[in-house]
Structure formats: structure tokens, C-alpha cells
Number of protein chains: 2
Amino acid sequence: MNTLKVIKIGGKLIDDPTAIGSFLEDFAAIKEPKILIHGGGNLASSMARDLDVPVQQIDGRRITDDATLDIITMAYAGKINKNLVARLQGLGCNALGLTGADGNSIVSKIRDKKPIDFGHVGDPKSVNVDFIQLLLDHGITPVFCAITHDGAGQLLNTNADTVAADVCSAFAKAYTTQLYYCFEKQGVLRDINDPSSLIQDIDQKEYEHLKLEKVIADGMLPKMQNSFRALQNGVSSVHIGLASMITSTDNNHTTLIL
Amino acid sequence: MNTLKVIKIGGKLIDDPTAIGSFLEDFAAIKEPKILIHGGGNLASSMARDLDVPVQQIDGRRITDDATLDIITMAYAGKINKNLVARLQGLGCNALGLTGADGNSIVSKIRDKKPIDFGHVGDPKSVNVDFIQLLLDHGITPVFCAITHDGAGQLLNTNADTVAADVCSAFAKAYTTQLYYCFEKQGVLRDINDPSSLIQDIDQKEYEHLKLEKVIADGMLPKMQNSFRALQNGVSSVHIGLASMITSTDNNHTTLIL
């Protein structure tokens, strides 16, 4: 089977002009079929401040009200997505920017209103494999921002890690799928302040152990849960580390397998 | 040959919630292949005010500087384009939102810096017919905002009427092409304040005559120039009038032919 790389980049990478430039060169140079999923960075927060749109919270959880959804759509689907696409085109990569609404590529279910009404937030329930495959078959590289839709006219704010896991899982039958979560650390570290404490390989048993030990905690937990869910859905391997891992062969990151 | 309708809607329609809702229903109901091109409306101007981005002008002409391009990209490619796409999806039309960078669909040449440097403004030089045809062949409806790219990494602000004319012209060999410019009047009027003075048909000779008479002047001139350019490039007919004309059969608008 051919290999498909699904690569997710987060906000901190997007906010760093040098790092994103170097990442886009590496990404454009990948010869295999590939899909990019990007988070949002600081732009939405700074726009909300500049436009006096208060951050709505309930019990410390952010709510996506109408004004916040507008800002996210402008920042993620507009400025960030389109500039990534234009820059990739300039690097010879035929990129196409997408929300889940475009080509009906990802339909989400709005999140339950209980116990917390998160507003316009949804979790993917279907990925349009035929449409995305059509793009890949024609040498087009999909670039997704983490906005999906309900299929009935409403855009929905969606977790970018989840979008990446679900898009990758949807292609597990057609490709040998590799899911990459790029972030600002070398991978899962035993000691968060010591890069040399990198854990190179984690399987499900080790994961349960590291959770009990609290080596894996906080923000890393949802990323890991998405990763193991993807592996259970047939994804071949999940890789967590610095953006440079996508073209590096030194295995200096964390690889998850079942 | 099959018919392809290329329909351009302007800002005033986008800013009117009732009118745009009704237009999208009509548009979604068109069974033939179709392409939507949309302008921007007031959103970019109001965002520029709210974000304290001054409108840059030279000799009374607007300049697209970095900050203005960001706002246009957020407003047109982000909020407006993605909401149009999501709403069309809700109406059963498999829409896909695009800038010219997406799928390398429209490459523009940056406008000459003399006599006025307009900044990030470009005029289309090539339309990617193969890619857009691929979408149409799979029942996907392209929805373009008027942003293109230079192919080297830079987005460019582009006139929406020109984008519509150029996209329509590019398909003149493959389809019987009909170009629709929807705006807030019934068409070209002899007396701008009298809807009953509608001129139903204009050919090139009549157009030259109406220009001399100053019946066609100001903002209507570039629209007409784009229209005749499209006709010369093989477009079958150009229609100018209210948005309701796209599904109406009463011919109550202005039709241009060579």
C-alpha cells in the first residue's frame, strides 16, 4: 500500500515565522500523498481583544458564541489557511485550503448542550473519503483548518488534534497511514524540562503505565487519547515531536503503536 | 454543449440577510453546472475601522497594503466565503470555497507599480480549467472570493467582476457559458431613477452608442467592459440585473451579446 502522511501543526509553530517557513519547505518536499491540518495560533485571541469580543467561559471552559465563531472563521479559514496555501503553492505544492464545509469534507455533530453548552462546537462524525481521495489522486494536497460543519448550514469550531486523527483514520483502509502531531517539544518526555528524557516508543500498555505514573498528564492526555483512538481505527503509526521530524530519519521523537 | 452558469454577486446582496438567503435558495436549485463568484460587502471596511487599519489611498485610489490584504483575506476568504459554503451545503449544493491560490485555480499578475502602486493587487492571467472542470465533473460547485495569487507565495486582491469574466471565458470552449452580474438594479437603465427605463438587450454597437450618450457611465463602465471582453472571448451571453434573474424566465434584465 502507498503511504499517506497526515501532519498536524499547532499554533506555536504558526506564530513563529522562521519555524513555519522551514516547516513548509519540509512539508512541500514530501513526495508521498499528504494532508496538512493546522491549529490557530494567537491570531484569534489577539483579534478578539482588538475587536473587543470577550472570551466567553463557563466553568473555565471556552464557549464558541456567534462572535467567537466569526473570529475563528476569519483567522483560521481566512488569513492562516489562505497564506499557508499560497506559500505552499510558491513551493511547488498544489495545496487546497478546506474547512469541513468545503466539498462536505467533514461533517460534525454539535457537542451536547449538557453539562456545558459550548456553543458552536462540534465533533467529527464523518469524513468524505471519496472527495479527499479525488484530490489526492490529482496531486492536490488538502490543507484543513479545524472548522467543520453540521451539514445544515452551520460552521462548527472543532479540535484540530481530533480532525487530524479522524481524517487519518478515514484513510487507514486505503493507505499505510502515518499521523504526525508537530508541537514545540521533542516528544513525550519523562521530565518535561529535560529533552534527553525523551520516550521514543510507547505502546498501549506503556501508555496506561505512564498515565498512572502521571508522566503523561494535562494537555498531552487528549493528544494521546486521539493517537490511540487513531491506532485502534487502523492508523499504522502516530508520531509526536518537533516539526523537523516529518522529514528526519533519526527517530528523535515519540512513536506510538498499538 | 452543456450550459455553465457563472454568477457574480456583489457586496450589497451579501450585506442583506433576506436577499442573500433567497439568492442562495435560487442558486442551489440550479441544476446545471454553476460557479459562484462573490464580492465583499461592508465587512472589510467595518473590520478595518474596528481594527484601526486606515484606508490607504493614492490619488483617490485604494491601496491594498499588508494590513488591508489581511483584513480582506479574513473577511472574504474567511467569514463570507465559508458561511456561503456552509449555507449552500445546508441547501443540498455541494459547494467548495476557493481563492485563486487554492488548487492553483487563478494565477494573477501583480498590477504595474506605475503610475500608481496599488500594493497587493493583481489581474488574472490564467485560470486552471482542468482543476475547476474536475470539480464540476464531480458535482462540486466552486465558490470563489475575489482573492488570487501570484504563484510565488503572495495572495493578491482582485476585482470580482474581472474574476467572474475570466473564469467564465476560460470555459467558453467546453460549455455554452452564461455570465450573470447580480446587483441592486434591474439592469442597465436609460434613467437611473426609473426602473421602467430598462434596456433589455445591448449589443456592441448599442454599447458604443450608450457610452457616447453617457447612459452608461461611472461604475457601470468596468462591468460592461468586462462583459464585452467575455463575449469576445467566447462567452455566449452576459446578464446584468437583480439576483432574482438567475432563475426567472421573464427576461426582465439587461442581456448583452456581441
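In case you wondered, yes, glycine gets a Cβ from its N, Cα and C as well.
What TrEMBL says about this one:
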{"type": "DOMAIN", "residues": "B:4-240", "note": "domain 'Aspartate/glutamate/uridylate kinase'"}
{"type": "SITE", "residues": "B:Lys8", "note": "site 'Transition state stabilizer'"}
{"type": "BINDING", "residues": "B:Gly40, B:Gly41, B:Arg62, B:Asn157", "note": "substrate binding site"}
{"type": "SITE", "residues": "B:Lys223", "note": "site 'Transition state stabilizer'"}
CB contacts for B:Gly40 (substrate binding site) [other CB atoms within 10 A, all chains]: 22
C-alpha spacing of B:Gly40 (substrate binding site) relative to B:Lys8 (site 'Transition state stabilizer'), in angstrom: 11
Among B:Lys8, B:Arg62, B:Lys223, which are recorded positions, the residue with the most C-beta atoms within 10 angstroms of its C-beta: B:Lys8
Under 8 Å by Cβ from B:Gly41 (substrate binding site), counting only residues of that chain that are 6 or more apart: B:Gly10, B:Gly11, B:Lys12, B:Ile14, B:Asp15, B:Ile80
For substrate, whose listed binding residues are B:Gly40, B:Gly41, B:Arg62, B:Asn157, the greatest C-alpha pairwise distance in Å: 15
8 Å Cβ shell about B:Gly40, B:Gly41, B:Arg62, B:Asn157 centroid, substrate site members excluded: B:Gly11, B:Gly39, B:Ala44, B:Ser45, B:Ile72, B:Ala75, B:Tyr76, B:Ala146
Pairwise CA distance, B:Gly40 (substrate binding site) versus B:Lys223 (site 'Transition state stabilizer'), rounded so that it is a whole Å: 16
Other C-beta atoms that fall within 10 angstroms of the C-beta of B:Asn157 (substrate binding site): 24
DSSP-derived class (H/G/I helix, E/B strand, else coil) of B:Arg62 (substrate binding site): strand
Integer average pLDDT (0 to 100) for the domain 'Aspartate/glutamate/uridylate kinase' (B:4-240): 95
